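Below is one structure; the comments refer to it alone.
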Amino acid sequence: MSKLPADSSVPQTGAANGDRDVPQAEVGRGRREPAPAQPEEAGEGAMAAARGGPVPAAREGRMAAARAAPAAAARGAPVAAAALARAAAAGRESPAAAAAREARMAEVARLLGEPVDEEGPEGRPRSRHGNGGLAALPYLRLRHPLSVLGINYQQFLRHYLENYPIAPGRIQELEERRRRFVEACRAREAAFDAEYQRNPHRVDLDILTFTIALTASEVINPLIEELGCDKFINRE
């Protein structure tokens, strides 16, 4: 038997497996080409795309909206309940309580107000003595940061006083402590000046003693009480 050449093509029939229209690959060096899409398959794909069109998408959208509605209502329920509670509390509030709350708000507004600056003898701004308290502290000036954030200062103050009623008393306590501290410093300074006129050599030791006592009274003792260490210290 003679051998066939390597590039000879042998036609094969696809009658056994039903592939009559699919061209067969060559035996030699050829590649099998993909079969073109049949008209029946193209028609089935178009029908499937038509079935999966806007109707299922609309149905899914309605189902998603129905699922999201109870969750949104559950999230908004606490906010609405809090608003109703505040409105009911405002309705039950007596005129005396309303007047007291307005007085507290006015007092806190006065304490938190910005000081009017003056020019000192050295050309530096100096706060007036009438604007004492927390208003002299620059990091508590809230008006400019709140205005940048778009928050009304009076609304913020009212919300703070309604939710934290202990704040006015705490601010007044800090103001009173600051006033006593300033008065003690001024009295001690006057005493030092008088003592220096009589005995200049002893003033340095008195200054050191006063500094240590002031640090202990204003810093160390409150820190010890805050940490709860005063229970372990023998006061005797």
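Positions of Cβ are set from backbone N, Cα and C atoms, glycine also.
In summary, of the candidate residues Arg67, Arg75, Arg86, Arg101, the record from Swiss-Prot lists omega-N-methylarginine for Arg75, whereas the others have no such entry there. For the ranges 107-127, 170-190, the feature annotated in Swiss-Prot as coiled coil maps to 170-190.
Mean pLDDT for the coiled coil (170-190) in the predicted structure: 86.
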